[in-house]
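According to TrEMBL, the transmembrane segment annotation covers 75-95, 157-175, 187-205, 225-249, 270-293, 329-346, 358-382, 388-405.
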Amino acid sequence: MQRLLFPPLKALMGSPCLRLLVPRAAPRTQCGCSCGIRSLLRPGQYSTISEVALQSGRGTVSLPSQAAERVVGRWLLVCSGTVAGAVILGGVTRLTESGLSMVDWHLIKEMKPPTSQDEWEAEFQKYQQFPEFKILNHDMTLAEFKFIWYMEYSHRMWGRLVGLAYILPAAYFWRKGWLSRSMKGRVLALCGLVCFQGLLGWYMVKSGLEEKPDSHDIPRVSQYRLAAHLGSALVLYCASLWTSLSLLLPQHKLPETRQLLWLRRFAHGTTGLVFLTALSGAFVAGLDAGLVYNSFPKMGESWIPEDLFTFSPTLRNVFENPTMVQFDHRILGITSVTAVTALYFLSRRIPLPRRTKMAAVTLLAVAYTQVALGISTLLMYVPTPLAATHQSGSLALLSVALWLMNELRRVPK
């Protein structure tokens, strides 16, 4: 493995990457150290490869920047996959009403699940002291509790795996000098966002464990905190995926025409709309708004239901009224698929590379699939498998939108 990552200097000198750095007419050094190579390099002389020089004072050779970028890009692509897994698993945890089964939070201690009957009984007794058991699950058995406990446990352990997937390789790449200055800032921000995401998750769970004497509603987490938790996860996912695509996919040199400029702007707006639609799904899930009007295209017997503005002040309805929340999610979904359709037809009017056209076609297909999943979930009263698939579809749609955006990005001068 060491020989693969750090090949001999003689082998590297014959590679095309280092040939770009050494002028052909220059005399070759006979000392066998890195000083001869360093004397040939002048600041600003080479622009195609950065930080490819030998590490001073060490016997190892750093990777060429292009090879390092591929390694970092693949790492961030894997990281974005782990974040997607966490989002999907979190959605299933919410759909199975398992999120409040673990009533405390310990970074290390809770990694070991109960093993004996006495430990399970003690864990179950802790759960029985909180509102969800007293109001909703007062007849729950220990076997049923084990199921929801393991669902929440799996989500928390996956979150720790996400943290390790970011932090440990980041420290290794930083030490090896495989990160450029700008990439170091991005990686620090991503690792910080991972830590923040974990704390935000527990802050969300706490809102569902609090006693609310004046409320007659079933215990649930705050939809505001749920949306913040999902939103930060989506930001982490988008940032990781965008960076990985930028490092891995060759950039197209597209002619900067007015039509391309409008297409690029429209793609940015469509991606933002898809993100907002996915985020509004957190309010639908938090308020169980998918169970309010299970008909389409009308809501009940009318296009606009009468109870849209039940709460006062009016702004509360947007975030706390289940009818308004479902109505908004419908409007955002329809607007998103309309924007994706317009984006597709606009892209057909411009000569684009094959890969870019493929991204536009895929975006259109995923958008209509997601709409079909959403309508089916609504009409079938939100079955868990279908609802989980619909939630996963929102990530797929957002991913393809980011891919198309990346295909259309401007080539830096």
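The backbone N, Cα and C atoms fix where each Cβ goes, glycine too.
Just so you know, TrEMBL annotations are computer predictions that nobody has curated.
As a quick check, the transmembrane segment (225-249) and the transmembrane segment (75-95) clear the bar of 3 or more Cβ pairs under 8 A, pairs 6 or more apart, so the two touch. Within its own chain, the transmembrane segment (75-95) has Cβ neighbours under 8 Å at 151-152, 154-155, 158-159, 161-162, 165-166, 169, 173, 190, 226, 229-230, 233-234, 236-237, 240-241, 243-245, 247-248, 285, 382, 384, 387-388, 391-392, 395, 399, counting only residues six or more beyond its boundaries. The list of residues near the transmembrane segment (270-293) in space but at least 6 beyond its ends in sequence, with Cβ under 8 angstroms from a Cβ of it, reads 91, 94-95, 220-223, 226-227, 229-231, 234, 238, 299-300, 305, 319-320, 322-323, 325-326, 328-329, 332-333, 335-336, 339-340, 343, 377-378, 381-382, 387, 391, 394-395, 397-398, 401-402, 404-405.
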